[in-house]
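Trainee: After the structure tokens below, expect a handful of questions from me.
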């Protein structure tokens, strides 16, 4: 059989934006048969009894119908779980990625821009690019702290529509200084912009901004259930003042959360103590893994408030290939930003997975 031609017809190609043609689709690493420590997933599955109970519940859903008002039950449950302040509202997305894209869509005004520290989550820049908004990246300091002076200067110069602050940051896994964050939030507010605090890794962090967001009318708090333990469900949520959420919600596609997604999320929140225990295990394993990594000659490990640890090795490409050859999959981020030269991002797994990682890493250095 002749393989189909993979070259796009020039007449069709001209319909595709030039900047899109120059991009690459998001690549997912092949992980079959590997110890998978590349994507910051919860390493724990649901206990068998709960898995069976969830299966029965999903099997009873009317999949021939569009999602109904039960999605509002989920919104209320999430608001309760996150202790949403009075006068605030909550918006759901098909993962945080959709919420980030919808923010760019809603804030696409003439001269609008998006600002974020770098290195950071790639979707902040990508959403801006796809929406035709200017993206301003401000480098962190060499020890991955916010460069307050550079951030304030960029805010004053560009007056960004949206400023993202990941708390903790991906891929550096650290929580930034609270006073610096507050100064940035105030500076953005004076310029009439929005600040989005991205708490994707909140289940593993020692602090949250949730208790402080009611101080400001221009701050949104975004989270995801992916790190909670439901990466396969794809559900993110964003909280903010009611009037602000109401405007952004206008660009949300109808029925963007499937009945399967919101029923899984409701089930998880009903059993939140199970997921909280899993998160605490990850935090405990993170400490063990950090100490072991720090003891390896030639390895620099950074303290983490997430379910990942950033390390620097003598040769990232060699270490990555050595780990992959030994059936351990991690993320080589050494080309992502100059500050990340020879850096690898390791997801914290179970005790057994972390032991396999350490056994494979030492001979790979």
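Glycine is treated like the rest: Cβ placed from N, Cα and C.
Look at Swiss-Prot and you will find 227 tagged as N6-(pyridoxal phosphate)lysine, backed by sequence analysis.
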Trainee: For a quick check of packing: other C-beta atoms within 10 Å of the C-beta of residue 227 (N6-(pyridoxal phosphate)lysine), how many?
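Mentor: Excluding its own Cβ, the number within 10 Å is 25.
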Trainee: With DSSP assignments reduced to helix, strand and coil, which class does the residue listed as 'N6-(pyridoxal phosphate)lysine' get?
Mentor: helix
